[in-house]
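Visitor: I am attaching a structure below and will ask some questions about it afterwards.
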Amino acid sequence: MSSTARLDRQASASPTPATKEHRTIRKQGFADRTAGYVFLLPWFAGIAIFTIGPLVYSLYLSFTNYDLLQSPKWVGFANYHQMFTADPRFMHSVRVTLIYVVVVTPVKLALALGVAMLLNRKRRGIGMYRSLFYLPSLLGTSVAVALVWRSLFSQGGAVSNGLASLGLPKTDFINDPSWALPAIILLACWQFGAPMVIFLAGLKQIPSELYDAVDVDGANKWERFRHVTLPLLSPVIFFNVLLETINSFQAFTPAFVISGGTGGPADSTLFYTLYLYQKGFTDFQFGYASAMAWVLLAAVAVLTALMFKVSRVWVFYGDGGNR
Amino acid sequence: MKSRTTTAHRRSVQVTAVAAAVVASLSLTACGGGSGGSGGSGGKVKLSFSWWGDASRAKATQDAIAAFEKANPTITVSTQYATFGPYNQKLATQIAGGGAPDLMQIDWGNQSQYAQSNTLLDLAAGPGAVDISGLDPKFAGSGKEGAKQVAIPFGQATQSFVVDVTKLEALGVAVPKAGWTWDDVATFGAEVKAKSGGKLYGISDPGTTWAAFQSWLLQQGKQLYTADGKLGFGKDDLTAFWTMCDNLRKSGAATPANQTATLINGPAEDPLAKGTAAAEWDYDSIFASHAAATKDKLQLVPLPTIGGQTGMYAKPSMLLSVYAKSKHPKEAAKLLSFLVNDKAAGTALGTSRGLFPNTAVRQQLAATATGNDKVVADFEAANASQLAATPAAPPKGDGQLITLMQRIYGGVSFGQQSPEAGAGSFMQQAEQILGS
């Protein structure tokens, strides 16, 4: 609006005052921008020193052997080469992480969507229910919840004793290689609050006329969901899938706390990030750990790009067409 | 339309704002360039000293430092401590950044690595010279790297079985005696298991414990490492050790895999503390922590033998080193000397790090010891003549082998692979670690 007005004035009125006016505005705009950038300086300084700097340095370190004590030694691609050819624990950690991602992402999102649909109703106290279901996610990444989980599922814990009182065999979930990962997966799925809130917002955006229209056509509940909710929610679903997948790849705290930093028992909870941490901070192989970090970044980037590609097929943007 | 004055006013506001923002970002970046730790002021020397340990050890150490500061009014000491894992991470980072404390407690397993990167001052001669004539020369030698004395042992520990006497008396099982064998361990474990109705296991499975394997090797005259820092044993040795542990576990004499896995949680949460094992392999310097974790009466028993050999030796539970870049090497060495030689230090420290390094003071302390200190002192005195020679400091990579042992035997005890297959993959990975 304002820019067209300005253009109009420039074109019609006598040139002198208009140019002068224009110049003042430009000058003013320049000063505003400078002030803006200067105000951003602390942030720029922060991101340069604390994010970009270490990022570039870690890329350099990934081509070296570095134990913190002696200066880094250049080894070329040796770290990357070792990872894929001579490190069975690396491949194992990839496997554990993939299992986690493949199970947690869909289960968590299905739970989130289900609960969001339940909470998308007009009912007394609905605000309270929404807060309650969101609560676990607020505690989610904290060490305290992981500790609670650990004591719940370890020997003599509430879960083990509860199952025993039902006549099931006593299991020490945390210290049993076949149960430790499922316990961590369960913890992750329980924290479905964040995607749930996003789903809820998405559900509220769906125009009720569409539901009225399919009702007139005699649709049942499943058909309402399948032909109205799902397509109109697909951008939100895509967003959540993307976010949760990336989050799952980066899962660290619960595995670290529950296994005491070992990835045990018998490496059953050796997440990629946990192994990376061990390489860096337990074995002091920072070159190798940096290389692992870059491989993870590359893998997640490729996967994200792939998901964007595939999304064109199934994500429906209501503003006309699939882009 | 704007008036001239508001424009001018606005401009001056902007100038002020820009200036404020510049100042703010400058002060932000300046945060990085803090000042170094140890500087002198007003003729006073300020030293920094850090160690790992729990609160009770911290209290004992603070008391010893207070005694030092009283005797040396021109020196003040600032201290820091943390638990073992985080401590080592922080220390490595400090060394990398060139800002390690003047005096630091180091683990024997890290000694070679630190020494090779010229982090540790020579304590035999020069400004950092420390008088160690009061220490057993063989024991003091554990702090040597080649010809250099890079560290002084700050407490002597030896290997033992910690036994729950209360539980054994309740079951009517005899407490094992010095000179018992590994066959006796199997019999003992079976008896405990049977008499407790399967609720109590004889021992915590030692198969994940690197140091237990070392003493088992020493019992047969073999070494964990060669002089040049390679593995001193073969695949067959490890297979035999793990097969023995495997049999103990399968017969019920030793704890099942899921309980053995809790050993890494430390004395407060392990099978002995939880009352599911009657005995556990550990260093005697940890005795006080075990005693604190249970109401039962505990006792120390020498290791089971092979051919009469216990394989026990005097191990430095930890060592003290002076930072090579310290600005006050003389004063740091003085504090070090006080902490390993002075009677006041010995009284304050007790057995919080094992036995006191200076032997004359150690004997005086033993004569008046009470409680847990007395149990440890008596145990050490009774076994002093039985001890094997102290091996050389472990090579770089020792810490990784400790966790490798836990991991692979963990897999064996959960039935994922045989002891022999486990030993094979251990040897392969261990050689890779030590070779790098």
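For all residues, glycine too, the Cβ spot is worked out from N, Cα and C.
TrEMBL does not curate its annotations; it predicts them automatically.
Feature list, courtesy of TrEMBL:
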type	residues	note
REGION	A:1-25	region 'Disordered'
COMPBIAS	A:1-17	compositional bias 'Polar residues'
TRANSMEM	A:35-60	transmembrane segment
DOMAIN	A:94-307	domain 'ABC transmembrane type-1'
TRANSMEM	A:98-119	transmembrane segment
TRANSMEM	A:131-149	transmembrane segment
TRANSMEM	A:179-203	transmembrane segment
TRANSMEM	A:286-308	transmembrane segment
Visitor: Might you confirm whether the transmembrane segment (A:286-308) is in contact with the transmembrane segment (A:35-60), defined here as three or more C-beta pairs under 8 A between residues 6 or more apart in sequence?
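Guide: Stretch pair touches.
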Visitor: Give the one range among A:98-119, A:131-149, A:286-308 whose Cβ atoms make the most pairs under 8 Å with those of the transmembrane segment (A:179-203).
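Guide: Per the Cβ under 8 Å count, A:98-119.
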Visitor: Apart from its near flanks, which chain residues at least 6 from the ends of the transmembrane segment (A:131-149) lie with a Cβ under 8 angstroms of it?
Guide: 115, 119, 183-184, 187, 190-194, 196-197, 253-254, 256-258
Visitor: Below 8 angstroms Cβ to Cβ, which residues of this chain, lying six or more residues outside the transmembrane segment (A:286-308), approach it?
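Guide: Contacts with the transmembrane segment (A:286-308): 58-59, 61-68, 72, 75, 79-80, 82-83, 90, 238, 241-242, 245-246, 249, 272-273, 275-277, 279-280.
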